[in-house]
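Quick notes on the structure that follows.
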Amino acid sequence: MQTHPERDDDGDDDAGIRGIDGIRGIRIGEAVREALRRGAPVLALESTILTHGLPSPRNLEVGLASEQQVRELGVEPATIGVVDGVAVVGLSPDEIERLCTADGVVKASVRDLPIARAKRLDAGTTVAATAWLAHRAGIRVMSTGGLGGVHRGASETFDESADLGTLATTPITLVSAGVKSILDIGATLERLETLNIPVVGYRTDRYPAFYVTDSGFSLDYRIESPAEAADLAHARDELGLPQAVLVANPVEAARQLDPEFHDRVLAEALAAASAQGVVGHDTTPFLLEHVQRATGGASLEVNLEVYRGNVALGAEIARAVAR
Ligand code: PSU
Ligand code: MN
């Protein structure tokens with residue numbers, strides 16, 4: 001069964017935040033609301049991947065195709081984003097198109113949500129903002145491409161994605177292909193440990209690095225099935241722990257970006273970012289764009305393959321969790 005916020009057992013009166021349309025401050029799309037009411041499986045999808053991660057017009061194709069993919073697996077998709085200041089859980093196809101094509105769409109992590117609301121902005125939501133909104137709406141499972149993490153040089157810049165801190169307090173199950181090697185993967189794994197966030201490999205003992213199957217870092221635990229992921233989420237809930245469970249789902253080795261090519265392009269991208277003084281939340285989109293251009297689109301194809309795989313696994317886990 002889906003756990004609705006007003007039925008949780010944390011002792012506070014979550015019913016009070018329920019407005020006529022669902023949760024106060026959040027608009028829940030009709031189909032998503034209906035699925036949640038029935039306890040049917042729902043899979044949350046982020047939108048920064050569409051607004052800031054993928055080039056146009058692939059972003060719109062991917063946004064709509066992923067929803068279709070989720071539906072074909074018998075799961076209700078809930079793409080999450082901000083339209084005219086309103087946080088929407090379950091964007092309509094028109095709203096997805098608007099976020100993919102309009103000018104001035106910002107990237108919103110959790111701290112940007114109140115600003116976007118007050119200023120009536122359009123925004124793609126990051127993993128952090130998406131997970132937080134999804135959880136608040138009562139959704140248990142989410143898929144993304146790559147997670148934010150600790151940036152290289154973070155010991156000087158303090159640039160660590162708000163994804164990590166948010167996932168430490170947001171009990172959702174999140175499927176990703178690890179973090180991209182534009183980040184400091186070792187430091188990211190250390191921070192996940194510090195933040196008490198469980199990470200398991202899906203049929204692997206190796207932490208993936210998004211474009212490549214193996215980051216060089218190993219994982220202590222692996223799971224073999226969606227049912228095992230659901231067991232893990234239930235165990236977390238029984239213990240009353242607030243952390244997300246991270247399921248690391250690697251791209252098939254035969255379909256990864258050639259690791260040597262990958263390392264070379266990455267080194268160039270990092271040098272360009274540093275030469276142009278790119279900092280803060282512009283860093284991830286800048287590096288991704290650079291890698292996409294420098295690989296002549298090969299990284300984009302891997303990116304889409306990785307994302308399809310995560311969406312498929314997320315949908316299966318959503319079904320297992322709802323059972
Ligand atoms: N990593 C990717 N692609 C992405 C992102 C991360 O491989 O599109 C996006 C996600 O939405 C993630 C966000 O939550 O970037 C992290 O950004 P920041 O480091 O500014 O928190
Ligand atoms: Mn950052």
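Using N, Cα and C of the backbone, Cβ positions are placed for all residues, glycine too.
Unlike curated records, TrEMBL annotations are generated automatically.
As written in TrEMBL, here are the features:
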- E46: active site, proton donor (ACT_SITE)
- K107, V127, S161, A162, D163: substrate binding site (BINDING)
- D159: Mn(2+) binding site (BINDING)
- K180: active site, nucleophile (ACT_SITE)
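Feature annotations (TrEMBL) mapped to structure.
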| residue | record | Cβ within 10 Å |
| --- | --- | --- |
| E46 | active site, proton donor | 27 |
| K107 | substrate binding site | 19 |
| V127 | substrate binding site | 28 |
| D159 | Mn(2+) binding site | 20 |
| S161 | substrate binding site | 25 |
| A162 | substrate binding site | 18 |
| D163 | substrate binding site | 28 |
| K180 | active site, nucleophile | 26 |
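Across the residues annotated as binding substrate (K107, V127, S161, A162, D163), the two Cα atoms farthest apart lie 13 Å from each other. Proximity to ligand 2 at the level of Cβ atoms, with a cut-off under 6 angstroms, picks out S161 from the recorded positions E46, V127, S161, A162, D163, K180. Only V127, in sequence order, out of the binding-site residues K107, V127, D159 have a CB under 6 Å from ligand 1. S161 (substrate binding site) sits 12 Å from K180 (active site, nucleophile), taking the Cα positions as reference. Taking the centroid of the Cβ atoms of K107, V127, S161, A162, D163 as the substrate site, the other same-chain residues with Cβ within 8 Å of it are T48, S109, T126, A128, A129, L147, G148, T166.
A straight line from the CA of K180 (active site, nucleophile) to the CA of V127 (substrate binding site) spans 14 Å.
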